[in-house]
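Just below is one structure, and these are the notes that go with it.
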Amino acid sequence: MSNPLPRKLFVTTALPYANGAFHIGHIMEYIQADIWVRFQRMQGNQVDFVGADDAHGAPIMIAAEKAGLTPQQFVSNIAAGRKQYLDGFHIAFDNWSSTDSPENHQLAQQIYLDLKKAGLIASKTVEQFFDPEKNMFLPDRYIKGECPKCHTKDQYGDNCEVCAAVYSPTDLINPYSALTGATPVLKHSEHFFFTLSDPRCVAFLEEWVSGLDTDGKTHLQAEVANKVKEWFSARTNPDGTISEGLNDWDISRDAPYFGIEIPDAPGKYFYVWLDAPVGYLASLKNLLDKRGENFDAYMAEPALEQIHFIGKDIVNFHTLFWPAMLKFSGRKTPNKVFVHGFLTVNNGEKMSKSRGTGLDPLKYLSLGMNPEWLRYYLANKLSARNEDIDFNPEDFIARVNSDLIGKYVNIASRAAGFIAKKFDGRVVSDWATADDVFISKLRNVASEIQALYDQREYGKALRTIMEQADAINAYVDANKPWELAKKPENSAALQEVCSRLLEAFRILTIYLKPVLPELAKQVEALLNIAPLQWSDVGTPLPHNHQVNPYSHLMTRVEPKMLDALFDMPAVVDVTVNVPNGTSETEVAADSTIEAIAPEIKIDDFAKIDLRIAKIVNCEHVEGSDKLLRLTLDMGEGRLRNVFSGIKSAYQPEDLIGKLTVMVANLAPRKMKFGISEGMVLAASAADEKSNPGIYILNPWPGAEPGMRVG
């Protein structure tokens, strides 16, 4: 049932920006791609599945500076945290790289030179805001000021968060630098542009968007193609604004900038979105170099299919700039760009950290929740369209428990026990004839399920599989093996019924394996067989084959797990109440000051190891409106993860690079959001209503990470 000629596939997912941990949107996309890759491999197809960190840009450069790190060190620290997510959710990339890799530098510069040779690079003088104190041009998000529409203060340089107006940074009233507070000045600079408006680019893109791939199907989903076509020509939008068609694309940024230098242009760097998609090719080249294979020869193979999985928020980069860059630099263009929607929660509410509607991937794992529950649930929701999908806790519980436990695992639990206890683990297959209706019906849907997986119609595939599970359970109810087991004269019938059930369970496992790879491994061990391939659907367990004793395959989802997953801590964590009074008299006279704790001996205090720590990274905690996740360097050769209830008082970017005081020898604590490896000290008032502030302790200049406080 495999393809006559194996396919050769180069598969990627969108690159995550290397300024923070993975969120659930990343995990959803990786699961979608991983299922497709695993399915293709079960068909006997060759797949190279690669990813990378998007490592360049002003935000990373600035965050690294605040943390007292080089951008490379900052990105490396972020990258070190990727493995726990990927391994945790059984996402099996063949290679993970970085856009700051040597391969990406070389490829990005060569693509630029090829585009320049093709006459598609032009230079223009642009006017930008410049921070005279920082001595750098400011990206839009690092310029703030008063909104020109609603006059709300402290709005970003490209849009207002209050009235949603979109404008140019030069439209801001009283603009200032978000980095230094200085008033920016307008300066001219020469920038380089990829001339996407060139008739050659327009003609190619119109053909690529509407044209057919080698499989006779379009490169894009129909709804995506229709949207992209709207960008090709000037038009008046429903809101009265004018769209000008394809514009030339500014691909350069001025120093200082963390990125890839533009050849023969000192002080100029590629805009991050030019070298980011090149990172797909660079990660593949890095993988091929490790294997001793030639990258150019690999990419030149006519049968190679280049497949990109992305979210709908980055369609323009992947369906306009990226194909045109590849085409006119003389490279292979994408065969498919598969676009998915966003993940919402509770019937369409967007994921929100502040409202407690976020789904934090690490918290999910730290609660001991089975990653394959989530893989199965998301797969049930995913289709070939770029529609948003909804995570509903009640639906999650019902679907996992009903389908995976009640329908699928239940088959093995009913049959394997009898085979082990009464027949020494031996199955029979003399019943397995070509005209066996029960098993034949199960095998006959293989091609239908195969097509649905290939088309990324996972929800339809799983519904078809569960229809087969229903039929198998109906067979159980009709034949009642528990009744057959009561009479010795029914021994042969019992063995045949249970053998049929295990064969049916084996076939269902093949169908589910792309979604549930770890559960499939357990089933392969139970059935004492080699790793299952799609072509094994028609090959039953041999007659007298011995299976292993049944052991529990999967537990049920408990509602309390979902309560914990979306629960927000009710109290501020890891803060210390410190009196605000300045003298003993004032403390005694002020009833709002918290009473001093009972007296302790010096030996008690000596047990507490207080150390100076540097905050090298800080980020919001998905699902919590009180916690920040701090990454701390205490000078011990490793970084620590600490949760602190200071979100109401601080923005993460304001803490990066600061020194603080932490309890270094506090036992690690398993929290709902992960492991906290210490406690940072902060002050807060006993009466939070009159003084709601939280004040993190910050040592005087001269203190260094690792110094003891006492």
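Keep in mind that glycine also has a Cβ here, set from the backbone N, Cα and C atoms.
As recorded in Swiss-Prot, the features of this protein are as follows:
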type: BINDING; residues: C147, C150, C160, C163; note: Zn(2+) binding site
type: BINDING; residues: K353; note: ATP binding site
type: DOMAIN; residues: 604-710; note: domain 'tRNA-binding'
type: MOTIF; residues: 16-26; note: motif ''HIGH' region'
type: MOTIF; residues: 350-354; note: motif ''KMSKS' region'
For the domain 'tRNA-binding' (604-710), residues assigned helix / strand / coil by DSSP: 7 helix, 44 strand, 56 coil
Residues satisfying Cβ distance under 8 Å from C147 (Zn(2+) binding site), sequence separation of at least 6: K153, Q155, C160, V162, C163, A165, Y167, L172, I173
Tertiary neighbours of C150 (Zn(2+) binding site) (same chain, Cβ under 8 Å, six or more apart): C160, V162, C163, A165
Binding-site residues listed as C160, C163, least Cβ neighbours within 10 Å: C163
